[in-house]
Amino acid sequence: MSIASAAMYASWPSPALVQLTSDNSPIGIKLTAEEGSWVASSFLLGSIPGCLFAVWLNEKLGRKTALLISSFPLGLPWFGIASARSVLVLCTLRFIAGIGLALLTTGTTTYIGEVADKDIRGRLGTTLNKGLIGTLYVLCVGPFVTYETLALSCSILPMTFAIIFYFMPESPYYLIKIGNKNAAKENLIRLLGNNTPPKTIEERLLEIESVVEHDMKNQSTLWEFLSNKKYRKSLIIIIGIKTLQQLSGMTAIDSYTQTIIEASASSISSEITSIIAGFVQLPATFLAAGLVDRMGRKPLMIISALGCATALIGEGSYFYLYKVTLNDVSMISWLPTAALVFYLMMIPLVATENSTSVAPAPYWRKPTYDYDQYHSDD
């Protein structure tokens, strides 16, 4: 639910920019293409400083509190977006939402890593992909409702998340780290179930204490982290996969789905394509969730990368013929929609890999990594 509320911001430009760049702009100002790109990208720009704040907040106030706080920068900007009348206000509000994205992503990956059993972290990690439900809503509903209605309706989800998540337990790892062993034990019982044998609870509690103690004793500076060959390899992999994910074009396509189709003279309308684009991602996401722990991350990454490359070659070739060489493309007017749909079927595999074993730079020292490192040192 929380991830879905963030995904709405990522896909919101797709239907919104079509309206904002038209002569009948709902904010009273027709945005230029450059202004539209700033509105679309300001969301991710906000996540850059947000990452630094998110790490501090997770350590000082806890994972649960950080996730609850994230609902405010993700929920409140929608009210401003609905009533905004300038490009600067839109960019500022989406920048604030980007900070909420950083809080949410950091908190979610950390929380899952700390409360989930090791054998199901891969499947739970694809929680980040369930955000496609938010994307589906925006792509399917956005083209058919007013600008204001879409923005206000998107505010419901983050507020609902805050109410529901309030009743979730705090991470036992964090509670042990701040010295609250009794609360950690109570929350561990809630997470494992009241019928869990006391011996199992105590064993798990001792394991958590050992991991936290090891982590506290082996804290290192940023330079030590970067200069250590053992960590440097992991860092290169993390940066490589994050770079691949972003350079695959997923952010641009999320933001410009309708615009791409309208510019392609496709035989299928942009509204219908938007709905198709939303629906095809759901089965692909659930398929990825089922395969990630069976096939492994590497095969899924290779399949996804090749699939995305094929789709982008098809999309790029069409626009080259249509816009550059000015050839007649009426015989292949179906290609831009088909390539876009195929791309959206392949990209969840990249996103799954990202959400299960890779995260942005501020998440390097995830508890799951520390746990594995603790045992490898033994």
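Each Cβ is built from the backbone N, Cα and C atoms, and glycine gets one as well.
Remember, TrEMBL labels are computer predictions, not curated facts.
As the structure is a computational prediction, the values presented were derived from the model and not from experiment.
Copied over from TrEMBL:
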DOMAIN    1-378  domain 'Major facilitator superfamily (MFS) profile'
TRANSMEM  38-58  transmembrane segment
TRANSMEM  65-81  transmembrane segment
TRANSMEM  87-112  transmembrane segment
TRANSMEM  124-144  transmembrane segment
TRANSMEM  150-168  transmembrane segment
TRANSMEM  273-292  transmembrane segment
TRANSMEM  299-320  transmembrane segment
TRANSMEM  332-351  transmembrane segment
Given 65-81, 87-112, 150-168, 299-320, 332-351, the one sharing the most C-beta pairs under 8 Å with the transmembrane segment (273-292) is 332-351
Top partner of the transmembrane segment (65-81) among 38-58, 87-112, 150-168, 332-351 - counted as Cβ pairs under 8 Å: 87-112
Looking only at the domain 'Major facilitator superfamily (MFS) profile' (1-378), report the model's average pLDDT. 82
